[in-house]
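A short write-up of the structure that comes next.
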């Protein structure tokens, strides 16, 4: 007979891969602390998630998956950003979640919810004794930048933006939706909504680690009960305390695992450029052609993730032309790839999950940000953490092939002083990431403290 669970927690993710992964990892950490966890997914993604649950991954955990009715069919486009969609989503999710909590006996001790679902706080308040823990899937730096902007503390982007506990930020260092919030108004409003009730939440959890953002974290802590609990990547790449935790456990894309790993096995250590711009980014046709030309011109081996919907943008006969110097796949097992000894650097869109994965595995970075928080992450990669370089785009946002060649040379060149410094800094942050979630590490202690506070 096992020890009685300390608490019961609902964990509710926004229904996209980049948000599901860190919240699922947090669920595993709670399970390891003897907390019962029910993972909530919207009804429109529930079945697809379970169909793709990796054998020995999520379905092997003592974890329940429960659908929350969002009012949409499973085949509803995940790219819908219309105001009507978000309004209907909020109404249905709030009702369905409240009904679930009412039906539970005993009631959950807490709901850990994606910060993009701020109305979950209102649901929790209707059920006395249920704590509300908002889980932020972006950095404290990005959180603080949005908060300063929404408070009206800066509006102009022509000159450097100077904010407390941060380096000066140019316009193209800021989250894209701040200086072009008409780019996609509903998404800007969704991201901004994360901060509407931060003064009222019980727990402010951030997927980061203390040594990564020392100054801005302290500024945040002076305002709110902010606790870093990251990096939320599988334990076997960090502290190795969760046996068998080698994968997030759920993947909405089919990775070409054997093809990637077999090809990497055939390459010398540190010789491969890994290229992936994430699950959402879409390159313009001319930019795709330029990236293809730049990678080929570097002379290095490269593994490039090009989603199936994007392959038509590749130059004709490109796959045949690169022969064995390059491998193009529709999706990769990214953690396994980044951990492979043949990887020399990671050319990335600088999404926060990808950034944390690379930092946790000590991989040097080439940043090619596109939207959302990515420019801010790229700024810190190059100028604050000094673990990589950022491509320089022209006034139209276009990156020429020569710039890709330059960046690869700076990072991959063995004799380059800058390259040596980048790799040294990457290894240093890797150690900090591992320490954070090791027994007694800052993030580990913060998770323990969260559990202790919600126990009734």
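Just so you know, glycine gets a Cβ as well, placed from its N, Cα and C.
As written in Swiss-Prot, here are the features:
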BINDING   279, 332-334, 349-357, 371-374  UDP-alpha-D-glucose binding site
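Features recorded in Swiss-Prot, as mapped to the structure shown.
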{"residue": "279", "record": "UDP-alpha-D-glucose binding site", "DSSP (3 states)": "coil"}
{"residue": "334", "record": "UDP-alpha-D-glucose binding site", "DSSP (3 states)": "helix"}
{"residue": "351", "record": "UDP-alpha-D-glucose binding site", "DSSP (3 states)": "coil"}
{"residue": "357", "record": "UDP-alpha-D-glucose binding site", "DSSP (3 states)": "helix"}
{"residue": "373", "record": "UDP-alpha-D-glucose binding site", "DSSP (3 states)": "coil"}
Protein Cβ atoms within 10 Å of residue 334 (UDP-alpha-D-glucose binding site), excluding its own: 24
For residue 354 (UDP-alpha-D-glucose binding site), nearby residues of its own chain (Cβ under 8 Å, 6 or more apart in sequence): 276, 278, 334, 346, 348
